[in-house]
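Below: the structure, in structure tokens.
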Amino acid sequence: MTKTKQEIYNKRPTSPHLTIYKPQISSTLSILYRMTGVALFFAVSILVWWLILSKYDNNYLQLAECCIIKICLVAVSYAWFYHLCNGIRHLFWDIGYGFSIKLVNITGWCVVVGSVLLTVLLWV
């Protein structure tokens, strides 16, 4: 007995949906690494534009005193430190070190704690 294409298609296994997976530190940090890379592209572009404008008009420089701008600068610096720390982690992976589950989890938490500490050290 021959099966039609539709019957074969209906019996194909489907991939599990993302909602059934428990988020792990490695997957969460991987997604955040990509997100911070994109966010930093735009943030640094805006920051450079702002610095160029502040050279010609001091009003732009005075914006740095605004609380919202300071919060944004802290967030950008955290994203930068996070991206830096996770990039160093990826460099170790590139040379073949740190692929055990235990080391992946330890280095993941080191990235999170390290980026927070570096941000605090910068702004305090």
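Glycine too: its Cβ is placed from the backbone N, Cα and C atoms.
Features as listed in Swiss-Prot:
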type     : residues : note
TOPO_DOM : 1-29     : topological domain 'Cytoplasmic'
TRANSMEM : 30-55    : transmembrane segment
TOPO_DOM : 56-67    : topological domain 'Periplasmic'
TRANSMEM : 68-88    : transmembrane segment
BINDING  : HIS83    : heme binding site
TOPO_DOM : 89-103   : topological domain 'Cytoplasmic'
TRANSMEM : 104-124  : transmembrane segment
Intrachain neighbours beyond the topological domain 'Periplasmic' (56-67), with Cβ under 8 angstroms and 6 or more residues off its ends: 50, 73
Residue numbers, six or more beyond the limits of the transmembrane segment (104-124), whose CB comes under 8 Å of its CB atoms: 25-26, 29, 74, 77-78, 81-82, 84-86, 89, 92, 98
Cβ neighbour count (within 10 Å, all chains shown) around HIS83 (heme binding site): 20
Tally of DSSP helical, extended and coil residues in the topological domain 'Periplasmic' (56-67): 10 helix, 0 strand, 2 coil
Beyond the flanks of the topological domain 'Cytoplasmic' (89-103) by 6 or more, those residues with Cβ under 8 Å of it: 33, 110-111
For the topological domain 'Cytoplasmic' (1-29), sequence-distant contacts whose Cβ falls under 8 Å of one of its Cβ atoms, 6 or more beyond its ends: 86, 104-105, 108-109, 111-112
Positions on the same chain near the transmembrane segment (30-55), where near means CB under 8 A and six or more residues out: 61, 63, 76, 79-80, 82-83, 86-87, 90
Residues of the topological domain 'Cytoplasmic' (89-103) by DSSP state, where helix covers H, G and I: 9 helix, 0 strand, 6 coil
The topological domain 'Cytoplasmic' (1-29) - residue tally per DSSP class, helix then strand then coil: 14 helix, 0 strand, 15 coil
